[in-house]
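First up is the structure itself, then whatever we jot down about it.
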Ligand code: DMJ
């Protein structure tokens with residue numbers, strides 16, 4: 001084939017390829033035109049249908065995620081009310097943790113509290129690492145608790161909850177490698193239990209790291225001989241190295257009520273986690289002993305004889321030296337899942353709350369509600385800031401009453417919280433003094449005027465906000481936080497005030513500022529699912545301990561039993 005015939009063949013091929021695009025081609029062939037039209041209609045329908053389907057799916061997906069969210073909320077609510085389903089659970093009231101959505105103001109505020117924690121912690125790391133407490137003005141450490149790293153241990157769970165992972169890991173390494181309890185030091189059984197045993201157990205419950213449990217067991221074993229008294233009511237001081245216990249000279253040989261009745265949560269938790277009942281037995285015997293002579297109003301004097309188990313004619317108070325005994329009666333009931341096994345604790349607590357109500361008075365002219373102290377038949381119109389844990393305790397316990405009583409107790413809690421908030425608002429620095437007197441016609445006036453960064457009021461605001469959902473409590477907490485920022489923040493950490501009227505600073509960053517004050521403030525601005533009150537119970541140093549449900553306990557016991565049997569069988573015992 002020649003060059004010209006090849007090119008004419010290729011041009012006729014290409015013209016035959018393009019002829020389908022020429023409309024004239026179809027005008028001559030009506031059947032093909034009809035076929036083309038049919039194909040076009042079908043294709044358009046398919047595309048349109050797909051788009052409609054996608055749109056419908058999107059709507060469906062939106063609806064489903066809305067449903068999922070609603071279900072999540074319902075699940076949260078169900079979880080909150082779960083305790084009420086157990087037939088052995090006392091109480092009918094439906095007051096439980098409210099599900100409160102997060103909002104931008106809360107997020108901003110908890111970031112500010114977290115900044116405060118970072119400042120407090122990094123100052124401690126820099127100037128007092130491994131010591132019990134930091135002196136921010138002189139930038140050095142002091143060992144007020146025998147050199148057990150009290151601030152470090154007290155801070156573990158706060159660091160963990162705030163997501164300060166690197167700081168938590170550094171602290172964990174110190175616990176694993178440098179924490180040594182073998183000290184020739186006369187330690188307070190109470191302070192060591194609430195800060196060290198409680199702090200370590202909480203770190204264990206949150207992280208699952210066994211190093212914390214082993215250390216908690218080590219220190220608790222060193223404290224145990226303190227309970228070897230004729231009644232089982234412990235001596236309040238013990239030497240950590242040689243195990244010699246005694247009571248402080250200034251109590252005249254007596255044990256202090258709060259110091260003796262504030263180990264139950266930690267020791268019960270330790271028995272649950274180690275499977276060794278000895279801690280539970282020692283701590284429970286104290287309550288059984290006190291119950292033998294427990295008065296109808298449930299109020300005990302602050303000095304108790306470890307020999308006879310009875311109280312001397314000393315002060316009755318919800319402030320210093322009495323406070324956490326009453327707190328633990330309620331919290332053991334919660335820790336024990338409100339079952340029959342812990343009913344005695346709830347009964348004793350309710351009696352004590354009758355006693356508390358009998359001490360309540362109102363000031364003039366502004367009608368602030370306060371709790372008096374009592375000596376014999378004599379009431380003193382004085383209330384410690386320490387007693388400001390009571391509004392939170394009452395709110396927490398109100399759920400176990402019948403609805404009408406529950407409301408009365410909750411409203412008393414709210415009135416007392418208002419008074420405690422005014423302990424702060426009534427001073428020039430907006431920080432509360434250590435105690436207040438109520439004189440006729442003068443409302444409240446500050447007595448001892450220092451502020452050592454205590455947590456009790458913000459603790460109560462945290463409970464009230466969680467249980468009522470009333471954002472006013474968040475506002476009050478925010479105001480208190482700002483007063484701490486203004487008066488207590490210094491370059492080397494946070495300090496207390498020698499006088500809330502003048503604002504003169506002291507030189508001590510108390511370990512409970514990091515354990516309690518900042519933790520409760522952070523949780524006040526966090527979603528309710530962060531350390532849910534249905535799953536955790538706080539010890540008196542704000543260390544959350546996981547509530548081990550009754551059912552789980554039974555299952556654990558059954559598993560243990562099976563393991564023992566299997567082991568026995570393996571060893572050919574049966
Ligand atoms: C803490 O150690 C505990 O809250 C204790 O129960 C009372 N005192 C301090 C805080 O003020």
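Even glycines carry a Cβ here, placed using N, Cα and C.
Feature annotation (TrEMBL): of 54-81, 82-109, the stretch labelled coiled coil is 54-81.
Across the structure, residue 540 (Ca(2+) binding site) and residue 191 (active site, proton donor) are spaced 10 Å apart at their Cα atoms. In this structure, 540 are the recorded positions from 191, 388, 420, 434, 540 whose C-beta falls under 6 Å of some atom of ligand 1. Cα distances from residue 388 (disulfide bond) to the active-site residues 191, 323, 434, 456 are smallest for 456.
Proximity to residue 191 (active site, proton donor), judged by a C-alpha distance within 10 Å, picks out none of the recorded positions 323, 420, 434.
Applying an 8 A CB threshold to same-chain residues 6+ apart, the list for residue 323 (active site) reads 258, 317, 386, 387, 389, 390, 540. Residue 191 (active site, proton donor) falls within a helical segment according to DSSP. Counted within 10 Å of its Cβ, the other Cβ atoms near residue 388 (disulfide bond) come to 29, all protein chains included. In the predicted model, residues of the coiled coil (54-81) average a pLDDT of 46.
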